[in-house]
4 protein chains.
Amino acid sequence: MSLDSVVFATDPKHPANLICTLCRQFFHNNWCTGTGGGISIKHPETGHYFIAPSGVQKEQMDPEDLFVMDSKTGEYLRVPTNLKPSACTPLFVACYQHRNAGAIIHTHSQNAVLSSLIFDQEFKIANIEQIKAIPSGKVDADTGKPLALQFYDTLTIPIIENMPHEDLLIDSLLETFEKYPNTCAVIVRRHGIFVWGPTIDKAKVYNEAIDYLMELAVKMHQLGIPPDCAIGEEKKFIQRFE
Amino acid sequence: MSLDSVVFATDPKHPANLICTLCRQFFHNNWCTGTGGGISIKHPETGHYFIAPSGVQKEQMDPEDLFVMDSKTGEYLRVPTNLKPSACTPLFVACYQHRNAGAIIHTHSQNAVLSSLIFDQEFKIANIEQIKAIPSGKVDADTGKPLALQFYDTLTIPIIENMPHEDLLIDSLLETFEKYPNTCAVIVRRHGIFVWGPTIDKAKVYNEAIDYLMELAVKMHQLGIPPDCAIGEEKKFIQRFE
Amino acid sequence: MSLDSVVFATDPKHPANLICTLCRQFFHNNWCTGTGGGISIKHPETGHYFIAPSGVQKEQMDPEDLFVMDSKTGEYLRVPTNLKPSACTPLFVACYQHRNAGAIIHTHSQNAVLSSLIFDQEFKIANIEQIKAIPSGKVDADTGKPLALQFYDTLTIPIIENMPHEDLLIDSLLETFEKYPNTCAVIVRRHGIFVWGPTIDKAKVYNEAIDYLMELAVKMHQLGIPPDCAIGEEKKFIQRFE
Amino acid sequence: MSLDSVVFATDPKHPANLICTLCRQFFHNNWCTGTGGGISIKHPETGHYFIAPSGVQKEQMDPEDLFVMDSKTGEYLRVPTNLKPSACTPLFVACYQHRNAGAIIHTHSQNAVLSSLIFDQEFKIANIEQIKAIPSGKVDADTGKPLALQFYDTLTIPIIENMPHEDLLIDSLLETFEKYPNTCAVIVRRHGIFVWGPTIDKAKVYNEAIDYLMELAVKMHQLGIPPDCAIGEEKKFIQRFE
């Protein structure tokens with residue numbers, strides 16, 4: 001079997017194809033322009049990690065540009081010619097191993113960067129319907145199914161300091177896993193965000209919902225409203241016209 | 001006749017196809033990212049209610065993902081495997097039954113969320129051309145045709161408080177129908193908006209025009225201008241350069 | 001010859017096709033959502049006026065939805081079934097007859113609406129490169145060719161008050177033609193903008209450049225800089241970091 | 001050999017095709033609407049300069065609209081009928097000759113224009129991850145490979161004053177080459193930006209990353225944060241909610 005065969009599949013949902021499709025979509029959201037950002041998906045059957053390479057134009061990637069790693073040995077099953085592995089690779093592996101992730105999305109979203117300037121140690125937003133798209137980390141006592149945050153909850157996302165190289169973020173990331181066992185995301189100050197989930201579909205939804213909430217938080221800040229203020233408390237902060 | 005046959009049609013204007021097309025379009029407007037939002041269309045001939053399911057990626061829906069309800073019995077004619085009905089379903093049914101709606105659009109538009117923070121009990125904007133796309137709720141005495149708001153009119157949209165679950169909004173929605181018999185929309189604070197019309201074409205136009213007006217109202221607020229101020233009154237609020 | 005034949009052409013540059021293509025593009029710019037806006041192109045050979053109808057979804061128009069008017073008699077050569085002529089029609093005709101226009105674009109651009117709130121009688125912006133895309137109304141003494149505004153010039157666009165019905169704008173429009181013989185655009189307060197040119201290609205370019213400049217003027221206003229200030233004068237208005 | 005043959009190629013990466021593809025993409029970024037902006041790519045093998053013409057709708061260009069110049073003689077190998085050479089041509093040639101550029105991108109990005117109003121002689125932003133996409137101008141002592149800016153570095157881009165005609169910018173551009181030997185970009189006040197790189201792929205990446213950073217700098221300014229402040233210093237400038 002050619003090593004190349006692991007990245008050539010006809011199924012558009014195969015990780016090798018899906019990574020390319022999503023990167024094109026993320027590029028148009030200004031999430032991974034200028035070769036920024038990254039993404040990794042674990043193959044649900046083989047368990048292989050598919051990882052976008054370093055320093056490429058994310059909207060122009062083809063399946064043959066992807067690195068593929070054996071999840072058990074940590075060795076590369078496939079190394080594309082002339083490409084370098086993503087500096088995020090150890091971070092992605094940590095999410096797979098310590099959070100049981102099925103996929104990780106890393107963006108340079110300006111909403112994340114601005115949120116990291118507005119907030120101190122934690123991003124917080126409360127009492128917004130979109131929060132209900134984010135998992136609480138708890139499970140239903142009866143069914144065992146994961147529970148989502150509720151409308152009256154506060155979404156808290158830890159913010160860690162950026163480092164000169166992405167692999168140096170690993171210690172902060174592991175500490176965050178300890179301190180915030182229920183979070184599905186970490187904001188890196190002046191850098192961007194990492195979001196993970198048990199499947200790529202869920203990671204994509206979490207990332208979209210969190211980006212929506214960070215965008216809203218920046219707009220609320222600009223209107224003078226604390227994003228985590230109580231319902232009705234916004235009246236104290238805003239000049240009303242009525 | 002297979003139950004599946006109700007959602008497989010070649011006509012792009014068939015509700016099962018149109019719901020999918022519109023959700024893709026709405027996704028790119030940031031109206032239903034992160035599985036947010038919803039939509040329902042009543043089939044003009046059979047009267048069946050076609051309803052997008054709960055918790056799916058709205059830009060990736062296929063006709064076979066839709067729920068179909070018999071409008072007379074309220075029973076489902078079609079329940080997609082592994083999908084849950086939208087929590088908005090009772091709200092959609094209320095719009096069909098009490099407002100004679102032909103379609104309902106529900107978005108998590110940030111313009112709606114921000115408007116619900118800026119305004120208190122009612123969203124108001126006046127003296128803007130785009131208002132003329134919204135129905136006044138009155139009919140022409142001679143022709144019996146519905147009349148639109150005019151340029152000098154004020155568009156008023158009621159704002160209701162959000163609840164922990166969408167189906168709990170039903171009481172507030174029914175009260176709003178009583179208190180604002182002419183409105184074609186309700187803003188849900190910190191959540192989004194519901195917009196309805198006699199046909200999906202009209203509901204789509206109303207939703208677009210209202211979103212435009214909410215976006216404009218937020219921008220006017222940021223410039224210090226009350227969105228419902230009289231013509232020329234903006235001069236009192238803005239620093240002019242002339 | 002069937003009357004329908006005037007709108008069925010294979011050339012994508014034929015007015016009947018181009019109007020539909022441009023409306024789809026303008027829709028995605030938020031210039032004609034909610035059935036707002038309008039457009040008309042004069043056929044360069046027959047002189048017929050092709051005009052988008054009233055109250056339709058602009059991104060969904062087909063060539064058979066267009067009205068066609070004989071430029072000499074003012075009579076309709078083609079009236080689509082079940083559609084109403086645009087209320088802008090007399091304004092478009094005035095631009096054809098009094099300004100020798102070849103095409104007119106009317107949008108509900110929020111940049112135009114916001115500019116009409118920020119400025120009083122005239123929109124003014126100066127010393128911006130993009131101004132050079134706008135015609136000065138003067139011609140080169142040697143070649144007879146039309147001259148564009150230069151970088152150091154001030155672009156001035158008159159602002160007229162909106163009226164309850166679009167056809168009532170005709171008197172203000174004609175007055176503007178007298179008072180501003182060189183303008184290729186009129187802003188209608190709290191409504192939008194009309195832009196014309198000798199060809200649809202030029203009208204499209206003028207509209208794009210003016211919208212860019214209105215967007216920039218609103219942003220400059222938000223930064224506290226008068227859009228028509230002299231070069232270097234912005235230093236007096238802005239907090240610098242150096 | 002027909003002169004036309006130099007612009008007709010099947011390879012989508014051929015300069016004649018790539019210029020057209022990129023201009024369509026840049027148009028949708030609002031970087032070259034209203035015929036603004038420009039681009040030139042040097043053919044990697046023949047060394048010919050391919051240059052977009054003056055005054056055309058950038059999203060509608062075809063390969064046959066391009067000018068082609070012999071890099072050794074400076075003479076045109078191809079002059080499209082009825083089109084004028086870009087006024088940027090001498091600036092592009094200067095970048096090829098004095099900076100060893102392989103491609104130059106010129107946009108009217110509003111982020112560049114606004115940055116030129118906010119900043120005085122130099123655009124500066126520091127301590128943002130996206131800076132790492134920009135070359136430092138230095139090379140690795142061991143490998144001889146070009147080095148990128150690091151996270152803790154400050155990106156400095158010189159700002160020159162605009163002139164009535166683009167070719168008059170040549171003296172300022174050449175001075176900038178002397179004074180800022182490591183820069184890959186020059187902002188032209190109230191006009192836009194020029195960005196170059198050793199290949200079109202690199203120039204595109206630099207332009208995207210710089211535009212991202214200029215957009216971020218304008219947003220930071222609006223939040224009251226100096227874009228080049230030290231890490232943690234933003235706390236002095238922003239109202240925190242914690």
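A Cβ is built for glycine as well, from the same backbone N, Cα and C atoms used for every other residue.
What TrEMBL says about a protein is an automatic prediction, not a curated fact.
Per TrEMBL, the features are:
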- C:Glu129: active site, proton donor/acceptor (ACT_SITE)
- C:Cys88: substrate binding site (BINDING)
- C:His106, C:His108, C:His191: Zn(2+) binding site (BINDING)
- C:17-218: domain 'Class II aldolase/adducin N-terminal' (DOMAIN)
For C:His106 (Zn(2+) binding site), the number of other Cβ atoms found within 10 Å of its own Cβ: 29
Recorded positions (C:Cys88, C:His106, C:His108, C:Glu129, C:His191) in Cβ proximity to chain D, threshold under 8 Å: C:Glu129
Rounded Cα separation (Å) that holds between the residue listed as 'substrate binding site' and C:His191 (Zn(2+) binding site): 13
Filtered C:His106, C:His108, C:His191 - binding-site residues with C-beta under 8 A from chain B: C:His108, C:His191
Between C:His108 (Zn(2+) binding site) and the residue listed as 'active site, proton donor/acceptor', the C-alpha gap once rounded to whole angstrom: 25
C:Glu129 (active site, proton donor/acceptor) CB neighbourhood, other CB atoms within 10 A: 19
Where the residue listed as 'active site, proton donor/acceptor' falls in three-state DSSP terms: helix
Spatial neighbours of C:His191 (Zn(2+) binding site) that are distant in sequence (at least 6 apart) but have CB under 8 A: C:His108, C:Ala112, C:Val113, C:Ser116, C:Asn162
Fewest other C-beta atoms within 10 angstroms, as judged across C:Cys88, C:His108, which are the binding-site residues: C:Cys88
Model confidence over the domain 'Class II aldolase/adducin N-terminal' (C:17-218) (mean pLDDT, whole number): 97
The residue listed as 'active site, proton donor/acceptor' to C:His106 (Zn(2+) binding site) - Cα separation in whole Å: 24
DSSP three-state assignment (helix, strand or coil) for C:His106 (Zn(2+) binding site): strand
